[in-house]
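Remarks on the structure that follows.
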C-alpha cells in the first residue's frame with residue numbers, strides 16, 4: 001500500500017491534460033507503440049473530436065524509481081463546468097493533483113474552481129506549466145500567477161510539454177516523492193468510493209472505485225449504501241489500458257467491479273460499496289444526487305420514432321446517469337420527452353450522441369430551468385416546462401434559480417463584460433485582481449438568462465480570453481411572465497417561454513421578427529403575435545403568396561376583374577381557416593440565438 005500513488009489532473013479545457021496523460025502512459029510503458037493514439041483516455045469519438053473529456057477515466061501505471069516499484073493510478077477528470085460533480089468525486093478518490101496551466105493562456109476560471117475543490121480535500125498540488133514549446137508561451141508570467149495563487153516556490157513548478165515530452169520524468173518523480181500514499185486501514189470494514197461507471201453491452205454496468213478501507217475480493221457479497229441494493233462481485237480487478245481481473249483489490253488501490261447490474265441508476269457516482277456480512281458504519285461523506293439544471297423538450301421528427309427515441313434515451317442513460325427524461329406531449333410537435341441536463345454542453349452532447357450512435361433526428365425546444373411556483377394557498381410546485389404553469393390568478397409568486405458566477409478576464413474587457421452581466425439581470429458581488437492585468441469578477445445571475453447564449457457572448461466580447469465558471473447559489477423571487485407565441489391566433493406551445501417582465505416586450509418583438517424571417521410564406525396571410533396572457537405585445541405579418549388572377553382579362557368590363565378578385569379573396573379566407581402553419585426546426589433553434 002505504501003507504494004501506491006493516486007493522483008488526478010486539474011486543468012481548464014484545452015490546456016493539454018489529455019496529451020500530457022498520453023506522455024505519462026508512454027513513459028511508464030503502459031501503452032506500447034501499437035495502442036498509441038492521441039488522447040488514449042478519451043475513448044468516445046465525440047470526446048476526441050471536441051477535444052474535451054466528458055467521462056472520468058482511470059488508468060494504472062507501473063513506475064520504478066531508485067530500485068523501488070510504484071503503482072500510479074491516474075484518475076482523469078472532465079474539465080467542463082457542467083460535469084463538476086464528477087470532478088469532485090474523482091478528486092475525492094485521490095491524494096494528489098497535477099495542476100496543469102497552459103503557458104500561453106495562464107490560469108482560467110475552471111482551473112481555479114477545481115483547484116479549490118482539491119485543496120478542500122487536502123490533496124498535494126504539483127504545479128505544472130504545460131505547452132512551454134509554443135512560440136507564444138510566457139512561462140515566467142504564468143509561474144507568477146501560480147505562485148500568487150498557491151503561495152509555492154518557483155523551484156516547485158515543473159515546466160513541461162505534452163507534445164515534446166519535456167518534463168515528464170520530473171513529473172513522475174514528483175508524484176512519487178510528494179504525493180502521500182493512501183491512508184486506509186486494511187483490516188477495517190470495506191469502504192469503496194465509486195467515482196465513475198461505464199456501460200458495457202455484454203456485462204452491464206461496470207463501476208470504477210477506490211478502496212478507502214478494507215479490501216474487496218472476487219465473489220464477495222457487497223452492498224451499495226445509497227441505493228441499498230446487494231450484489232455479488234462476479235469480477236474485480238484493476239484498470240490498465242483494458243480491465244485486468246484480479247482475485248482481490250487491496251486498500252488504497254483503484255479498481256473496477258462487475259456484478260451484472262443492468263441500469264446506471266443503481267450505480268451512483270459518489271456512493272459507497274461495503275460488505276453485507278461486515279458492513280461499514282457509515283458511507284463516505286460527500287455523496288449527493290445529481291440534479292439536472294436545464295430542461296428541454298426532445299421530440300422525434302417522425303412521430304413513429306417515439307419508441308425508438310425512448311429506447312435510445314434509455315441506452316444513453318445507462319452511460320450517463322445525470323440525464324433524466326419523462327414523456328410529454330405538445331400540440332405542435334406531438335409526443336416526445338422532457339429531458340433534464342446538467343448544462344448546455346451536456347445538452348449538446350446528448351443531442352450529438354443521439355444523432356451519432358442511434359441515428360435519431362430530433363427537434364429540441366427552447367431550454368429552460370426549473371422554477372419554484374408558490375400558489376396562494378401556500379403550496380409549492382417545481383415547474384420544468386412553461387406550459388405546466390398555473391393560471392396567473394392562482395400564482396402568489398415565482399422563484400427562479402440564481403447562480404454565483406466567476407468570470408476571469410483581462411482588465412481591458414471589464415466594461416463590456418459588466419454590461420453583458422447587467423443586461424442579464426446580474427448583481428455584482430465583488431471583484432478581485434489576480435495579477436496586474438487579470439481580474440476575477442463574481443456575479444449573481446439568474447440561471448435562466450445564462451442558459452441560452454451567455455457563454456457565446458462572453459467569449460466574443462472578450463475575444464475568447466474570458467473564462468467562466470458557476471455553481472448554483474439559491475432561489476430568489478422574480479417577476480416572471482409566460483410569453484406565448486400565436487400563429488393565426490393559435491398558441492404554439494413549443495415556443496412558450498418564461499421571461500422577466502422588464503425584458504418581455506423586447507423579447508416578444510425580437511421573437512416575432514425572427515419567426516417572420518424563418519417561416520416560409522404560405523398562400524394565406526400569417527399573423528405572428530407575442531402575448532402575455534390575453535394581452536398582445538407584438539405582431540408581425542407574413543404576406544401571402546398570390547396568383548395574378550386578372551392576368552387573362554384584357555380591358556373590358558371592370559366587374560369581370562372584380563368578380564375574379566372577390567373569388568380569390570373568398571378562397572384565401574377559407575384557406576386561412578383550415579390551413580396550418582408549418583414551423584421549421586430552424587425556427588426553434590433561432591429562438592435560442594436571439595441577438
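Backbone N, Cα and C define each Cβ position, glycine as well.
Annotation comment: Swiss-Prot describes 2-183 as domain 'tr-type G'.
Per Swiss-Prot, the feature GTP binding site maps to 14, 15, 16, 17, 18, 19, 130, 131, 132, 133. Residues near residue 130 (GTP binding site) in space but far in sequence (CB under 8 A, at least 6 apart, same chain), listed by position: 11, 15, 16, 17, 20, 100, 101, 102, 103, 160, 161, 162. Residue 130 (GTP binding site) falls within a strand when secondary structure is assigned with DSSP.
For residue 14 (GTP binding site), the count of additional Cβ atoms within 10 Å of its Cβ stands at 14 [all protein chains shown]. Under the DSSP three-state reduction, residue 16 (GTP binding site) is assigned to coil, being neither helix nor strand.
Confidence in the domain 'tr-type G' (2-183), given as mean pLDDT, stands at 76. Farthest C-alpha pair in the GTP-binding residues 14, 15, 16, 17, 18, 19, 130, 131, 132, 133: 17 Å apart.
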